[in-house]
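The block underneath contains the structure these notes are about, expressed in structure tokens.
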Amino acid sequence: MSQEDPACCGSGCTNCVLDVKPSKHTLPPDVVNVFDRTYKQFLCESVTSAADNVFRFRFRYVPAIGNDRERLIVPPGCHLMLRALRSVLHQHNRKSVRNPEENPLLRWWEANPVQPGGEKHAKQSLQKHDKSEEDRYLSRPYTPIAFDQERGTFDVLIKLEPGGQMTNHLVTLSAGSCTEWKGVYGDFVWTRNRYRHVVAFVQGVAIAPVYSTLRSILDDEGDETRLTLCACFRNLAGVLLRDELRSLAGYWNFAYAIYLSRRTCACAAAGVERCKCLAARLRYNEPIHDRRLAAAEIEKLLQRPLAEGKPSLLVLLCGTETFTSFIKSTVEKLEIENCYTF
């Protein structure tokens, strides 16, 4: 994408996240998507805490959808871009926002002060690749986990980082705040019943694109693909979409397991290898394990669907580079042909 392109988000990405081929996603001929890759205004409708440092935001299209053809549609696994003026970011501070005690984001901000050097580190990590470009906007990609076509709303999970520039903007949002979003972006396209099995591995907030994809498959009554999800989180308090996953478990073709990398009970500090502390906090038959996902478990999980042939299996990955590389080592060992990383 050229520097002069008016659609540029202004972040100066080395590999521009907007420099993509035309969308592969098709719509019915009588439907017009609100998202046409130009920035549109959305009001923040609600903000709720989802887990440690993660909040669930709901945004509503402005103006409201007013005709039978217009719909808000986000294909599964696709992301949107949120932008904010840097000049506005610099004006934000705790005193400029009214009623901080009523805002869960500001309560989080007060409880998570920036550590010495934190702001400096955040600024360094956002240095522009093209320093000659006008530095007007800060932008970030986020993947909706749900959307309502007719109401014109979508929900995103956003992890906040003390000292982060976009975090400094997000913590000032409350019901009624105006934001700017554009989209949709992403090249993942799902075809009904193309694979017999889909096995997905996710880490933390990166569950968003995979969750939206699996949910869309389950919502299609004609799709009989068998779905398995392995989600990895730091601890029980950090588990995202816990209620939603438990609800999806009611589908005949969906199974999941959650793995926690850290034990936070007193038994762990005392050196007790196994305890019942976690079990006491789980719901009936909730598949949550207080251990890291091991390579042997990954291999065992993937070998089951492989019995029906390699072409029948699709593996989905989303997480840090270290996490996805760890999973890919087993995928390559088993010579699995179809693997997609969000």
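Every residue, even glycine, has its Cβ placed from backbone N, Cα and C.
What you see is a predicted model, and the numbers here were worked out from it, not measured in a lab.
If you look up TrEMBL, you'll see 37-191 marked as domain 'FAD-binding FR-type'.
Among the features that TrEMBL reports, region 'Disordered' is placed at 116-135.
Look at TrEMBL and you will find 118-135 tagged as compositional bias 'Basic and acidic residues'.
Residues or ranges marked as FAD binding site by TrEMBL: Arg140, Pro141, Tyr142, Leu157, Lys159, Met166. Shown in sequence order, Leu82, Ala84, Leu138, Arg140 are the residues of the chain, 6+ apart in sequence, with a C-beta less than 8 angstroms from the C-beta of Met166 (FAD binding site).
Within 8 Å of the Cβ centroid of the FAD site, not counting the listed residues Arg140, Pro141, Tyr142, Leu157, Lys159, Met166, the chain contributes Leu82, Val156, Ile158, Val205.
Using a 10 Å radius centred on the Cβ of Lys159 (FAD binding site) and all shown protein chains, the other Cβ atoms total 18. Around Tyr142 (FAD binding site), the same-chain residues at least 6 positions away in sequence with a Cβ under 8 Å from its Cβ are His79, Leu80, Leu82, Val156, Leu157, Ile158, Ala208. Confidence in the domain 'FAD-binding FR-type' (37-191), given as mean pLDDT, stands at 80.
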